[in-house]
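Q: Here's the feature list from Swiss-Prot:
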- Asp23, His24, Gly25, Lys26, Ser27, Thr28, Asn140, Lys141, Ile142, Asp143: GTP binding site (BINDING)
- 11-193: domain 'tr-type G' (DOMAIN)
Amino acid sequence: MDIKKLQDYQKHIRNFSIVAHIDHGKSTIADRILELTDTVSERQMKNQLLDDMPLERQRGITIKLNSVEVKYHAKDGETYIFHLIDTPGHVDFSYEVSRSLAACEGALLVVDATQGVQAQTLANTYLAIDDDLEILPVINKIDLPSADPEMCKNEIEEMIGLDASDAVEVSGKTGQGIPELLEEIVKKVPAPNGDLNAPLKALIFDSKYDDYRGVVLSVRIEEGTVKPGDRIRIMNTGKEFEVTEVGVSSPHPVKKDMLIAGDVGYLTANIKSVRETRVGDTITSAENPTEKPLPGYRQIPPMVYSGMYPVDNQKYDDLKEALQKLQLNDAALEFEPETSQALGFGFRCGFLGLLHMDVVQERLEQEFGMDLIMTAPSVDYHAIMNDGSTKLIDNPADLPDAGEYKEVQEPYVKAEVMVPNDFVGPVMELCQRKRGEFVTMDYLDKYRVNVIYNMPLAEIIYDFFDELKSSTKGYASLDYEITGYRATDLVKIDMLLNKEPIDALSFIAHREEAQNRARQMTTMLKKLIPRQNFEVDIQGAIGAKIISRATIKPYRKDVTWKIHTGDPDRRAKLLEKQRRGKKRMKAVGKVEVPQDAFMAVLKMNDDDIKGK
């Protein structure tokens, strides 16, 4: 191993991430960089090339971080190795951003020249500052008529505190400014400085399951080197494996003889079980281990919980295996087994938000062929029991009877809404309607305001974002963080079908809204549950008290069609027999409940509740 050659190679490595608010053009800039450096041919090139998950291409958003190695021939005559990591912009996937930043020395901060700094721009920049990265401001979409690069530079300086006087102005669409951006990356992003002679120390920042090779680990080598044949140890589990292949993504896998300190690539080692590694673990050499593991990642707790059940109960084990494989590729997903009287065996899953929940469901259906029933999402509540203990409630059906607890606490968030001046009124009205408490309002410039409210997370996770977008014509951006739990007057509403409680339809609501919400839920269920051969009574109840009711009339078969019109006794007998049969059927009949009904709570917006 020629150490001088390796050190020279290391000096030419540049590891950087692209961070921005959603839709500010990160993936388009990544496309232009790949094109300009001839990493992919014109024939292979397609929009959002690094968004290789079918779901990303369908939705037009980045969901997963993705890394690629690019060779760039700079103006100084040297060839540089860029490891570019594209990251998501949606608040639900900020965990993916924090993981990708840990593998870098620099970050391109992309700001849309027509929109300026937005909520997630700030959130992602603070993540990069926390990781002590070199930040390069980039103003994108300068080809648009409404672009205002100077306004963006002022905002970056005033709101973030970064010098943006030499921010690179680019157009991801036309490629304008991309050559200058590549030169700036060479000059400003520092080379990695890991010790090549030290014992191997590598961070697992992502992973996926391959049916032929087992677990494929995405790694950033911090110190030392690794090559096929080396024995490695996962420091968290103590498990040892022999490396079978190392390489980089360019953007398709390319095998290499060795990965060295500073490299970002992949590694396989016949790891067959998804439980043997975890994102954030440190890999070291089995023969010459390092003393201390890398700090890893702060585990982000789920914000939203939902029940997930296979339509066919025989597929329970298949769903468990699919969730384990998906968790390998989606470290923020959490799940544990649960049983529902209505739906059988399934899992209680924790997600970072509703978009994350939708994405997990769609990936399970598309990639693993699962047919699923999802229950309505809820947040986790704390029930303070009479004996002083705290019980975590992530399923509304588990909330004990009112006499067993002193109070119920729900999670609160600090919500920051960036909005143009013209829409401050509608935003404040929306926040107050959602039980928000006004904190402060900061004027960012002549045109925009940052409105801050304390709000219950339960109000945010349903349709707050959609209502915010519609009340501000799409101009508002939202960021929020959990601030703690507060005691609130909450009650559990059970939904009963023919006097049988359906645990998967239970939900928790504020007492003042309980009757309206229960009434709305019974109306929704009446619309969504198809008619049966027997009458279906739908009731909403708090404890033993029924607070709402609706009835689905049965189909009625004409049992009198054979009878002569002049035989009223016979007619009455047949109708009475039909009534008795329906009564018996109602007592033993199983009501068919469609998937839509389990998500009915999501369709209950405020206008419906107020009966407008």
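Glycine too: its Cβ is placed from the backbone N, Cα and C atoms.
These numbers come from a predicted model, not from an experiment.
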Q: Over the span of the domain 'tr-type G' (11-193), how high is the average pLDDT in this prediction?
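A: It averages 79.
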Q: If H, G and I count as helix, E and B as strand, and all else as coil, what does DSSP give for Ser27 (GTP binding site)?
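A: Assignment for Ser27 (GTP binding site) reads helix.
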Q: Enter the number of other CB atoms within 10 angstroms of the CB of Gly25 (GTP binding site).
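A: Excluding its own Cβ, Gly25 (GTP binding site) sees 24 Cβ atoms within 10 Å.
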Q: Could you tell me which of these binding-site residues, Ser27, Asn140, has the greatest number of Cβ atoms within 10 Å of its own Cβ?
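A: The most densely surrounded of these binding-site residues is Asn140.
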Q: Could you check the binding-site residues Asp23, Ile142 and say which one's CB has the fewest neighbouring CB atoms inside 10 Å?
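A: Ranked by other Cβ atoms within 10 Å, the binding-site residues Asp23, Ile142 bottom out at Asp23.
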